[in-house]
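**Student:** TrEMBL feature annotations, pasted as is:
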- B:H63, B:H65, B:H143, B:D213: Zn(2+) 1 binding site (BINDING)
- B:D67, B:H68, B:D213, B:H271: Zn(2+) 2 binding site (BINDING)
- B:D67: active site, proton acceptor (ACT_SITE)
- B:206-272: domain 'Metallo-beta-lactamase' (DOMAIN)
2 protein chains.
Amino acid sequence: MEKFDIHILGCGSALPTIRHQATSQVVNIREKLFMIDCGEGAQVQLRRSRLRFNRLNHIFISHLHGDHCFGLMGLISTFGMLERTADLHIHANSDLQQFLLPQIDFFCKDMTYNVVFHPINPGERSVIYDDRSVSVETIPLRHRIPTCGFLFREKPTPNHIRRDMIDFYQIPTYMINRIKNGEDYTLEDGTIVPNERLTTPSAPPRSYAYCSDTIYLPRIAEQIKGVDLLFHEATFASSETVRARQTFHTTATQAAQIARDAQVKRLVIGHFSARYEDETVLYEEASAVFPNTVLAKENLMLSL
Amino acid sequence: MEKFDIHILGCGSALPTIRHQATSQVVNIREKLFMIDCGEGAQVQLRRSRLRFNRLNHIFISHLHGDHCFGLMGLISTFGMLERTADLHIHANSDLQQFLLPQIDFFCKDMTYNVVFHPINPGERSVIYDDRSVSVETIPLRHRIPTCGFLFREKPTPNHIRRDMIDFYQIPTYMINRIKNGEDYTLEDGTIVPNERLTTPSAPPRSYAYCSDTIYLPRIAEQIKGVDLLFHEATFASSETVRARQTFHTTATQAAQIARDAQVKRLVIGHFSARYEDETVLYEEASAVFPNTVLAKENLMLSL
């Protein structure tokens, strides 16, 4: 099966700790890399992941809090030193440009590539990226400032053709792709061999939803229904439910309720408050509601 | 003896590696902390050092390359979240303000403290900080952009008074500090007891010089003559002498020549190029010229 991996580069929250890096992830879909958020230190974590820098062309920023974007300048600058040539696309609230552009001009002399900004409207659900293997859709969230999550949906792949049927019916090469894409095959005597007899179905398309930072927002369950993996912030434990609401964050229990209501296949929680020396309490709370839960941690890779 | 410690937070160069952090150091003089440079990740390294954030009031930036200042926004933002109240003073090329001020306005809402910028002229040798225990002087360097190093000089401490002499001459309390500071003591019969008889000399004042980034610049030896510790960049080995000159950096051998010519007590080299998987070659080169050399590394503390 082709790659659809999530690499956690950092899963801490606003206050830095020794245990967690600021927020950043990379989604690897068929060797195309997509970064989600880019907190301070993301470029070193990216290096640690051994993913190839030049496979990364799109960065999606959920919101303009420092712990989600202060790593951008370092990354942009490093790409310049590595003499990158491909455009780097940054999808973010339009305010970001006003800080990054003057810094790029000043710090990155002789830039070998362009940084292209794509403003996103976090308040509305829309497809902001689309190619032949994947689409990315915004998930409107509610935080202290405009914020959205991102839903990655793999495109369906063609069915697998059955080698024994090709031989049996002596199917010519030019027909192979057409049959993979659903056509029946007509024999010389006019007999129609139905597609189901010639192919086996490919794996169903996979999907990944990233929801951070946000207050507990039950309505997102409908948009992320049935995804293979949900990353949801779980900044606090239930004992801090009031504080979670005040700061527009989610508790581990609430994150699990979203996973359960959305009938996702697996939940990974992260964006842990610095107050937790270990996240066992968050894991226990979430898995009590939604058993198939894992804790995010730096350098963790999850394959779909 | 009172503290005069150098904490290496990061000693890599422009390209990030897994082995080294971007440049940053903290000088701890009698529990006052001074940061030199603030590359990406400095705040996490500061946390790792267990130094107290609220003891840090002054940051000195050698030059405006990203690997020496991209950590500032994260640090400033974190200090705000920790509800710092004391002013934070940043001594740097005046261009820095134009990037930081708009970001502080945008990212640090409800700031509880002020960031005060002090422009420095890196081309001229001048005292840019002075209190009763230490002074900081710029060291003009030559790099691709305006750059200076920093020379920390401890102020002389008063002599130690001899307890047995106080008792013997029944010296009154009000005279103690005057004698510590060099006065003689006159007995009732007019006899003068010379200061040397009443005191023992305090330790000589200590000094630390930080020189990075720079081309090999023999003239700095005169300014940093006899310092207790010299940090000098040694980006390359001698095999890269041409490249060092082209990029306005120094080789390990050249750094050691500076240390030898300046008759410093100890040399620590850093700002290692990403090309060195281990720095043995740099250590061997430098220590061949100047034996009392150490390699910088993250979380290393050097006490003077």
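Cβ atoms here come from the backbone N, Cα and C positions, even for glycine.
TrEMBL entries are annotated by machine, without manual review.
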**Student:** When you average the Cβ positions of B:H63, B:H65, B:H143, B:D213 for the Zn(2+) 1 site, which other residues in that chain have a Cβ within 8 Å of that mean position?
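**Tutor:** Apart from the listed residues, the neighbours are B:S62, B:L64, B:H68, B:L141, B:R144, B:I145, B:T147, B:S212, B:T214, B:F248.
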**Student:** If H, G and I count as helix, E and B as strand, and all else as coil, what does DSSP give for B:H68 (Zn(2+) 2 binding site)?
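**Tutor:** Going by the DSSP assignment, B:H68 (Zn(2+) 2 binding site) falls within a helical segment, counted as helix.
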**Student:** Averaged over the domain 'Metallo-beta-lactamase' (B:206-272), what pLDDT does the prediction give?
**Tutor:** 98
**Student:** Determine which residues of the same chain, besides B:D67, B:H68, B:D213, B:H271, have their CB within 8 A of the center of the CB atoms at the recorded Zn(2+) 2 site, and list them by sequence.
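**Tutor:** Output for this site, in sequence order: B:S13, B:A14, B:A22, B:T23, B:D37, B:G39, B:S62, B:H63, B:H65, B:S212, B:E233.
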**Student:** In the domain 'Metallo-beta-lactamase' (B:206-272), how many residues does DSSP assign to helix, to strand and to coil?
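**Tutor:** Each residue of the domain 'Metallo-beta-lactamase' (B:206-272) counted once, the result is 23 helix, 17 strand, 27 coil.
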**Student:** Within 10 Å of the Cβ of B:H63 (Zn(2+) 1 binding site), how many other Cβ atoms are there?
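**Tutor:** 22, counting other Cβ atoms within 10 Å of B:H63 (Zn(2+) 1 binding site).
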**Student:** Looking only at C-alpha atoms, tell me how far B:H271 (Zn(2+) 2 binding site) is from B:H63 (Zn(2+) 1 binding site), rounded to the nearest Å.
**Tutor:** 14
**Student:** For the binding-site residues B:H143, B:H271, which one has the sparsest Cβ surroundings, going by other Cβ atoms within 10 Å?
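**Tutor:** Least crowded of the binding-site residues B:H143, B:H271, by Cβ count within 10 Å, is B:H143.
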**Student:** Using the alpha carbons only, what distance in Å do you get between B:D213 (Zn(2+) 1 binding site) and B:D67 (Zn(2+) 2 binding site) once rounded?
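**Tutor:** About 11 Å separates the two Cα atoms.
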**Student:** Going along the chain, which residues six or more apart from B:H65 (Zn(2+) 1 binding site) have their CB under 8 A from its CB?
**Tutor:** B:A14, B:I145, B:D213
**Student:** What is the total of other Cβ atoms whose distance to the Cβ of B:D213 (Zn(2+) 1 binding site) is within 10 Å?
**Tutor:** 27
**Student:** Quick one: give me the count of other CB atoms within 10 A of the CB of B:H68 (Zn(2+) 2 binding site).
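**Tutor:** Within a 10 Å radius of the Cβ of B:H68 (Zn(2+) 2 binding site) lie 28 other Cβ atoms.
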**Student:** 10 Å Cβ neighbour count around B:D67 (Zn(2+) 2 binding site)?
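**Tutor:** Result for B:D67 (Zn(2+) 2 binding site): 27 other Cβ atoms within 10 Å.
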